[in-house]
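Undergrad: Can you read through this structure? Questions will come right after.
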Amino acid sequence: MQTIFAQATARGKAGVAIIRISGPDAFEVGRCLLGSLPDAGRFALRDVRTPLGELLDRGLVLVFKAPASFTGEDTVELQLHGSVAVVRAVEGAIRSTGLARLADAGEFTQRALLNDMLDLTQVEGLGRLIDSETEAQRKVAQASFEGGLSDKAERWRHLMIRAAALLEASIDFVDEDVPVDVVPEVQSILMGLDTDLAKEVTGAVVAERLHDGFEVAILGAPNAGKSTLLNVLADREIAITSDVPGTTRDVIEARLDVSGLPVTFLDTAGIRDTVDVIEKIGVQRAIDRALAADVRILLEIDDWILPDVLSDTIDFRYRAKADLSDGEGISGRTGVGIDRLLTDIEGVLSEKMSAVRSAVTDRQRGGIEAARVSLDAGVTVLSGTAELELAAEHIRHAQRSLDSVIGRVDVENLLGEIFSRFCIGK
C-alpha cells in the first residue's frame, strides 16, 4: 500500500497547518525532510527542509507507530505555520521524495476502516460529526463515532447466532431424543430483538430529521404577521412584509439553532380561498409543507377558519398581532410571546429526540429494517408450521442484513460514495 499525505487542516491562511503522512514509508519521508524523528508517541521541534537541504519552516513533529495511529499505519504529523506558501512548499518537498502521493478524499479514514481501527458505522458517524452544526447533532454523531450503534449491532448479532444455533442443533439431532424444545426460547429471543430493532428504526427517523433539520411551519390567514415573525426569529429581513394580503406566495425558509437543535422555520402563504392562480398554488404549497413539517404553529385572527385538512394537525395556537390587542398571544413587532413560542417548540422536539440513540443513516436504517422483516418471518414460521430449517434461514438473512450495517459484508460498492464526502485530509 502506498504512503499518502495531505493537509489535515482547512486550506487557506491560518495560524497553524497540519500535514499528515501515513503509510509504510511515512517515517522515511519524515527523515528526508527532518533529518531525524522523535520517538513514537513523542513530539519535537524540527527544521523542515527539502531533500536538498533548503529550509522551509520550523514546526512540531509527532510520530505514531502502527497500529497506534488513526489509520493504523505508521504516521508522521507536521504542525507548521499556516501560510499557504509554506504548506505548498512542504507538500512539494514530500512529493519530491518519490515515496508518497497526495491522498484521495477520505483516504485516511478509509485506511482506518480497512485496518479495523473503525467500522462502517463509526466512519459514517465521523462524517456526521464533521458536518454537525448544532450541539444536538454533535452529541448524536459523537455517540455513533464512539461505537454506540456498533456495540448494539454486535449484541443483536450474537443473539441471532444463538437463536440460529439452537435451531440448527435441533435439526441436526432430529432423529435423536432431544429433551428440550428450543422453539419457545428462540421465539423469545426473536421477539426481544424485534422490539430493540423497532426502537432503533423509530430513533433513526428522528435522527435523520436531526441531521437535515427539523421543520416548523408558521400558518395563518393572509396578513396575520407570519413574515414579520420569521424576520424577528431570523434576526434579519428575509421575508417581504406588507399590509397587502397575499404578499407571500412561496414558502420562505430560515434555518436557526433552537437550544442546540437545527430548526428550519417555514413562512407560508396566507391560507384563504382565492381566484388568483399564483396565490392558489402558494396556498397549496403552504398546506403541503405544513403537513410534512415536524411542528405546526398557527397565528389566529378573528373571523378566519382553518381548513379541515389542517384542523387536527396544529401543535400550537397563538393569538396573532398581540401588539394590536390586549397583549396576549404573539407579536413579531414587539417580541411578545416569542420566548414562549421557542420554549414550546423546544419541548416538542426534545421529546422527539428522546428516541434517538445514535446518528443512524438512511443506509443503516434500511439494513435494520431488512433484518427486522426477516426476524418477523422467522417468528411467523415458528408460530405456525414450526419448520426449523426455514426459520433458521430467516435468521441467517437477518444476520446478513445486520452485518451490512456495520460493514462486515457487501459494502465495497458503498465505500466510494461514503468517502467522497470527506475532505482530502480526512
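One is the number of the first residue shown, and numbering goes on along the chain from there.
The backbone N, Cα and C atoms fix where each Cβ goes, and this holds for glycine too.
Under the heading (6S)-5-formyl-5,6,7,8-tetrahydrofolate binding site, Swiss-Prot lists R20, E77, M117, K426, citing sequence analysis as support. Annotation source Swiss-Prot lists domain 'TrmE-type G' at 213-350. Look at Swiss-Prot and you will find N223, S242, V244, T247 tagged as K(+) binding site. Residues or ranges marked as GTP binding site by Swiss-Prot: 223-228, 242-248, 267-270. Positions annotated as Mg(2+) binding site by Swiss-Prot: S227, T248.
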Undergrad: Mind tallying the domain 'TrmE-type G' (213-350) by DSSP state, helix then strand then coil?
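TA: When I sort the residues of the domain 'TrmE-type G' (213-350) into the three classes, I find 45 helix, 31 strand, 62 coil.
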Undergrad: Report the mean pLDDT of the predicted model across the domain 'TrmE-type G' (213-350), rounded to a whole number.
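TA: Taking every residue of the domain 'TrmE-type G' (213-350) together, the mean pLDDT is 82.
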Undergrad: Near E77 ((6S)-5-formyl-5,6,7,8-tetrahydrofolate binding site), which residues of its own chain have a C-beta under 8 A away, given they sit six or more steps off in sequence?
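TA: Listed in sequence order, they are A8, I18, I19, R20, I21, V61, L62, F64.
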Undergrad: Please report the three-state DSSP label of E77 ((6S)-5-formyl-5,6,7,8-tetrahydrofolate binding site).
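TA: DSSP assigns E77 ((6S)-5-formyl-5,6,7,8-tetrahydrofolate binding site) to strand.
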Undergrad: Considering the binding-site residues M117, A269, which residue's Cβ sits among the greatest number of other Cβ atoms within 10 Å?
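TA: It comes out as A269.
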Undergrad: DSSP three-state call for R20 ((6S)-5-formyl-5,6,7,8-tetrahydrofolate binding site): helix, strand or coil?
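TA: Strand, per DSSP.
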Undergrad: Which whole-number value in Å describes the distance between the Cα atoms of K226 (GTP binding site) and M117 ((6S)-5-formyl-5,6,7,8-tetrahydrofolate binding site)?
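TA: About 51 Å separate the Cα atoms of these two residues.
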Undergrad: When a 10 Å sphere is centred on the Cβ of K226 (GTP binding site), how many other Cβ atoms does it contain?
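TA: A 10 Å sphere around the Cβ of K226 (GTP binding site) contains 31 other Cβ atoms.
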Undergrad: Within 10 Å of the Cβ of R20 ((6S)-5-formyl-5,6,7,8-tetrahydrofolate binding site), how many other Cβ atoms are there?
TA: 24
Undergrad: Enter the number of other CB atoms within 10 angstroms of the CB of N223 (K(+) binding site).
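TA: So the number of other Cβ atoms within 10 Å of N223 (K(+) binding site) is 21.
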